[in-house]
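Heads up, the thing below is written out as structure tokens.
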Amino acid sequence: MDATTSGTPTIQYHNIPDQSGTAIAAASVPTFPRQVRHCFGDSSPGEFPLAANPSIVLHVLTACNLDPRDLAKLEATNFTPDYELSISELAALDICQKRAIFKPMTDEECQNLKRKCGGSWKLALRFLLAGEACCRREKSQAIAGPAHSIAVTSTGVVYSFGSNTSGQLGHGTMEEEWRPQQIRSLQGIRIIQAAAGAGRTMLVSDAGRVYAFGKDSFGEAEFGVQGTKLVATPQLIESLRDIFVVQTAIGNFFTAVLSREGRVYTFSWGKDRKLGHQTEPNDVEPQPLLGALEDVPIVQIAAGYCYLLCLACQPSGMSVYSVGCGLGGKLGHGSRMDEKHPRLIEQFRLLNLQPMVVATGAWHAAVVARDGRVCTWGWGRYGCLGHGNEECESVPKVVEALSKVKAVHVATGDYTTFVLSEDGDVYSFGCGESASLGHNTAAEGQGNRHANVLSPELVKSLKQVKEKVVQISLTNSIHWNAHTFALTESGKLYAFGAGDKGQLGVELMNNQTERVNPERVDIDLE
């Protein structure tokens, strides 16, 4: 709002002498027309352009207690402000330029991103930060795949262990590994994101390149007939060379990737236009997911059993689109119908909820909202929706049992759900098979450690690690026994659940096939 029209007195931070300040401004600064600020929501207050308010800059510099060396360094930068931007826009652009995926972008690419995000650097920054928050991009991470596991350190070094029947560990062999082994062929390449499917692994580098190994197929079912060629070392996916990729997701019958600009591409499962395009199952060319998403920036993708969720970041707020198989109501539209093109899930608007993280299980899905609420929907078998029953929900429904918990992350698997709270507590519910819920703290072999849990319960065994948990990953497969990873703030990794193929990264004794309580994996991801 303009202070001169509102009656609010103008605040004077410093009295700058008119003679020198006016002379400088007249000599070097063009007349600055008042513009309307790009902001979140529908309000449109006035701008605070740099050219019109040099006193604000002086106030900031003098209020920061800078010493002479700091001021000398500032002067040495030869910083030339863009007088067409406000101070807030200038600050947002500067923060954007510090993001790893933004740095390599050309001026034209930067402007296109800004336009797609709503015409503001503040909105572009929100888009970048949202993507980093929901995917742990450029941070340490652990992936509990179907019988094999991937761990990525904060510096981008990759370790793998577990089943290796298709070369999915990337070590050049087909031998199982019961301890984390570094993928040596990736030395010099920094990996920022990983995905693990049945017999297949995909990795994304900080340069936007995608490497894959294991089954050489983008669309094979977990037990399919195609993909007979096996690749035992990471290979660059040539068809994605011209797309700067920031995330991959492996679903059943298809693969999806997300570009830096927020566009989604899919491989396979399109012969009957199930994903909005018509291609053969062995097609290696990425197809853009268009329709409603043609000009909508996406920050996260999540692939389940024959369906895909896309988290969108628009000027009006965050939203979720779904496409694919609607069995069990997992698309969230109030029916069990398939969707061949991406469709907006309307229920979040009715709940007055801003989605911030999406997760897809085999048959159900979940979302964490900005205010910490958790929504689940889809097939509720074994209590995986957390509503105290096994009923299906065809639209997102708030998990009332977590009303006093502020959630920040959610992970889903085959009829299993984990919720991570702001203070690092972990809750789980759903199918207790393979002891992957982590609830039984009794001695090995005692008690019913396979009990199903219909409502969220605190995973007390993770409280014993006495560290804040920052990531949970669990197996998302209908054909493999599940295991779970918990990553702590200091980079320690704990594992529990099925371990018969070495996927826990720890040795099992006396013919054991699983671990009930979390056990430390011998690897430091920080």
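All positions are counted from 1 along the displayed chain.
Cβ atoms are placed via backbone N, Cα and C, with glycine included.
Here is what TrEMBL says about this protein:
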DOMAIN    140-474  domain 'RCC1-like'
REPEAT    156-207  repeat 'RCC1'
REPEAT    208-261  repeat 'RCC1'
REPEAT    262-314  repeat 'RCC1'
REPEAT    318-371  repeat 'RCC1'
REPEAT    372-423  repeat 'RCC1'
REPEAT    424-490  repeat 'RCC1'
REPEAT    491-526  repeat 'RCC1'
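Of the two recorded stretches, the repeat 'RCC1' (156-207) does not lie close to the repeat 'RCC1' (372-423), with fewer than three CB pairs under 8 Å once pairs fewer than 6 apart in sequence are set aside. Helix, strand and coil counts under DSSP for the repeat 'RCC1' (156-207) come to 3 helix, 24 strand, 25 coil.
With a cut-off of 8 Å between Cβ atoms, the residues of this chain six or more beyond the repeat 'RCC1' (491-526) that come close are 140-142, 144-145, 147-149, 151-154, 159, 161-163, 176-180, 434-436, 438, 440-442, 444, 449, 461-462, 464-465, 467, 474-475, 480-485. According to DSSP, the secondary structure content of the repeat 'RCC1' (318-371) in residues is 7 helix, 25 strand, 22 coil. Remark: secondary structure over the repeat 'RCC1' (424-490) totals 7 helix, 23 strand, 37 coil, with classes taken from DSSP.
Model confidence over the repeat 'RCC1' (424-490) is summarised by a mean pLDDT of 85.
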